[in-house]
Structures are given as structure tokens and as C-alpha cells.
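Taken from TrEMBL as is:
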type	residues	note
ACT_SITE	Cys258	active site
ACT_SITE	His337	active site
ACT_SITE	His417	active site
ACT_SITE	His421	active site
ACT_SITE	His450	active site
ACT_SITE	Asn454	active site
DOMAIN	114-399	domain 'FAE'
DOMAIN	416-496	domain 'Beta-ketoacyl-[acyl-carrier-protein] synthase III C-terminal'
TRANSMEM	60-77	transmembrane segment
TRANSMEM	97-116	transmembrane segment
TRANSMEM	248-268	transmembrane segment
Amino acid sequence: MAGEHPLLSTEIVNRGLTTNGPDAGSPTFSVRVRRRLPDFLQSVNLKYVRLGYHYLMKHGLYVVLLPLVVVVFGAEVGNLSREDLWRKVWEGTDYDVATLVAFFSSLVFTLCVYFMSRRRPVYLIDFACYKPSDDLKVSKTEFIEQARKSGKFDEVSLEFQARILNSSGIGDETYVPKAIMAPGNCATMKEGRAEASEVMFGALDELFSRSGVRPRDVGVLVVNCSLFNPTPSLSAMIVNHYKMRGSILSFNLGGMGCSASVIALDLARDMLQANPNNYAVVVSTEAVTFNWYAGRNRSMLVPNCFFRMGCSAVLLSNRRRDFRRAKYRLEHIVRTHKGGDERSFRSVYQEEDEQRLKGLSISRDIMEVGGNAIKANITTLGPLVLPFSEQLLFLATLAFSHLFGPYIPDYKLAFEHFCVHAASKAVLDELQRNLGLTDANVEASRATLHRFGNTSSSSIWYELAYLEAKGSVRAGDRVWQLAFGSGFKCNSAVWKAMRTVRRTSAGPWIDCVDRYPAEL
């Protein structure tokens, strides 16, 4: 048992007042002992071994037989001259018309089945991230002062928020709606619609302008916003504003947290597979105004400190003629959902406090359950993206771990660029340490958190915009977008750059990218 102590955690549970017996009316407590999750990197072994083993078994036959076939065929053909080979193929074999027709019919049929059943490639033509106006910009000091003037918080709550902000990794140029600092209730449908309209239409206007695609050309529209879901829906607001065609396939995803952009991508990809020759638009945002919390519960005050205005709009296509102008091709999407576990399910939870004020509660278990979801996700993703040599090395060192110690797969061999959801400085620090990433690997995430704050599901697109603004994306580069949020969910999207992406005169980073990387 001594060796298990580091893996155990204790929790004191208040059982309430005793109702009967000699101790009636006295409070009772119990100590709950839980087995804590192992270290992030040390716990990938068993599942990864199973996945790697199945991957090797699935493809190992080809690896073994293909060289053997090549050697045998080469030995046979190498002993024949060109004339002998021609005579063996044509003169030594009797062909009739029926045989030839049957052969070519089977060949054509097989090719047709193959091309019809093959998944259509999904291309990312372009994307846009909304940049609010400068009059909505607020520093950390101004944020606290405006919160004090609003009269919604006591001094204890203000001091708590100030401490969170100072260690958050957020800079002094993030954006918040003006309504949240005004006296009275700001979490109204009117203010929520106003903010949603501003950020969504701003991002979409830029997307349509840059891509040259008309709104009526879009066949699939997917909108995700976790906490603000009016009727008519946000997707209906977009269809109405741009007068999109009546046959559009429109979807509105709600309550799916900060990883919802990858979920929306997955849905859009499925729709494009079923509807050839089409465009799809994915809009990812969050409404800060509608979810502003003005109470005293500390777990609900935390989101106030991190979440900021933001929105992304992504244009996808399954048209093969868009191959030349596309920026990226979608390679993989891997989704992990831990909602079956009660602690994971309750880790990010919308509810009312003791004063019946609505807010988003963040559990103290968030780092642990988040790490659990991320582990499951990356171990599923690993066999799809890691080089074959890296998988063999991992399996070999695992088999002889008593000699060499545990080996952690190097995901830097699979990707040139990383877009990790900019949740907080503490989360990025832990992910960098556990995944063995360099400062350059998490530069885009830290810069996004510092400049724009946590923009929820759209943050991974601000990070990709940062990489493009830096001129870092070259043809053939692989990009890993890793997002996680309520549920608890962790989702990954893998892209391959179709061409070198040049710096443009547009985008949210154009006036500030040269200031990064800063000392974040």
C-alpha cells in the first residue's frame, strides 16, 4: 500500500446533521478516499499499446508481404528479355472475346465501386476571426474598476477576480461587451442577440469578402454557441440576415462547451460526404453578455475572468476543383466524451447560486477530469498520426520498461503546428509539460490567451490565424487543433496545409502580431 499513497486522494464529505440517536443534532463527516489519476504522460501506456497493436496487426500483413512479392516478381521477370516477356504474355496465352469483355467489365465495375465509395476530401478554403472595435478593449485594471463601479460585486468578490486575472495569462487588450459593466441585469435576450449579431456577422462578412463565395452558394451551415440559444436559433439569424437559399441544411449546436468547434466540423464533414459539390460554413462563438455572473460564488466568478468576445467563421468545400485554392485538407477528427463519469459531467455546470443567480460553475476537479479526457483523446489519435517508427519505439520501450523506464511518444514528430485551446495559463503550462512541447509549440496558444482571452470554441481558430500571420505555415505542414470543454469532452482535428499560406493585410493579428512572442 505504501507505493499507492501518491495515487490516492482524500475528501472530507459533510453528511449533514444526525437525526436520531445519542448524537442527534450534531454534524457528521466522512472521509472519502479516491484513487487519483496517474501522471498525464505515464498513463497512456495500456490503451496506447492496444491501439498500436491493432494498428500493427491491421497493416503488418502488407508490410511483410509487399517486399516478398516484389522480390519474387523481380526475380521472375529479371530472367526474361523484353521479347520473351512479350511472347509469354501474348503469344503463350489464348484469349477470346468473352474473356476480354468479362475482364474489362470487372475492372470497370471495381473502379466505379472504389471511386463511389471513397470519402470525398474536405478542404478548408478560408476562415475569418472577428476582431471587436477598440472601444470594447479593456485592461485588467479597467476590468476590475468597471466591475466595482457597476455595483454588482462586493470587495471580496472583486479581490478574488483581481487575483485570478493577475495569474490568468490574459493581457490588457481583450474585449468585453459594454453591457456587462452597466448597472442592472445585462443577461437579457436583447443584449445576447445584439452581441451574437455583432460577432457572427462581423466574422461572416469578412469570410465572404475574402473567399469570393456568395451566401446563397452555401449548402450547409453549422453554428455552435454553448450557453446562448434563442428562438429562432442563431443559425436562423444568419440565414435571415444573408437571405440564404431555402434548401440550406442548417444546424444549431448548443451546450457543447469550448470544444464545440471540432464537433461542428465533424457534423459539417458528414454533411459534405452526403451532399457532393457543396460549400459548408461553420460558425463558432460564445455570448459573454448573456452568461455574465454578478453573484459571490467563487466557482462561478472564474468564467468572468477568462471569457472574452470572439467568433470564427470557417468555409469548407468538397468540390474537387477547389483543390488548387484550398488552404488545408481535413485529415482526421477524433472525439472523446467522458460524460458517463459523474465528476466529469459536473466539472463545468450551468446552475443557479444561493441567490438564484445564473452562472457557470467550474469544479475544483477540472484539471484532473480534463487530463483524463485529453489522455483518452491523444491515445486514440496517436496511431493515426504518429510515424510507424515512433510507435515501434514506444512498444519496444514499454516491453522493456524495467530497463529503460517509460517512453512518451513524441507528438512533435507528427505535427509541425499546435493549436491548443487557450483556456488558461495553468492549463497550457500543464499540457506543455505533459506532452513535452517546446515554447514555440504553444506560442500561438499563449499569444491568443494574452491578446484575446479565452474566446471559447473559436480560440483554436485565432491560434491558426496567428500562425498564418507569422508566415509559419508551409505546404505539407500538419496542424493539430486540440480543444476541450464541458461534458467533459476533448476533441482533435488534424489538417494538412495544401500550400504555403502567405501573410495577408487582414485578420485579427495584423496590427499586433509583431509584438509576439512576448514574455507571457
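Cβ coordinates are placed from backbone N, Cα and C, and glycine is handled just like the others.
On the structure: features taken from TrEMBL.
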residue : record      : contacts (Cβ under 8 Å, 6+ apart)
Cys258  : active site : Ser226, His421, Ala423, Asn454, Ser456, Ser457, Ser459, Ala483, Phe484, Gly485, Ser486
His337  : active site : Gly487, Phe488, Lys489
His417  : active site : Ala444, Leu464, Leu467, Ser472, Val473, Asp477, Arg478, Val479, Trp480
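The number of other Cβ atoms within 10 Å of the Cβ belonging to Asn454 (active site), over all protein chains shown, comes to 25. In the domain 'Beta-ketoacyl-[acyl-carrier-protein] synthase III C-terminal' (416-496), helix, strand and coil residues by DSSP number 35 helix, 21 strand, 25 coil. With the fewest other Cβ atoms inside 10 Å of its Cβ, the least crowded of the active-site residues His421, His450 in this structure is His450.
Across the domain 'FAE' (114-399), the prediction's mean pLDDT works out to 92.
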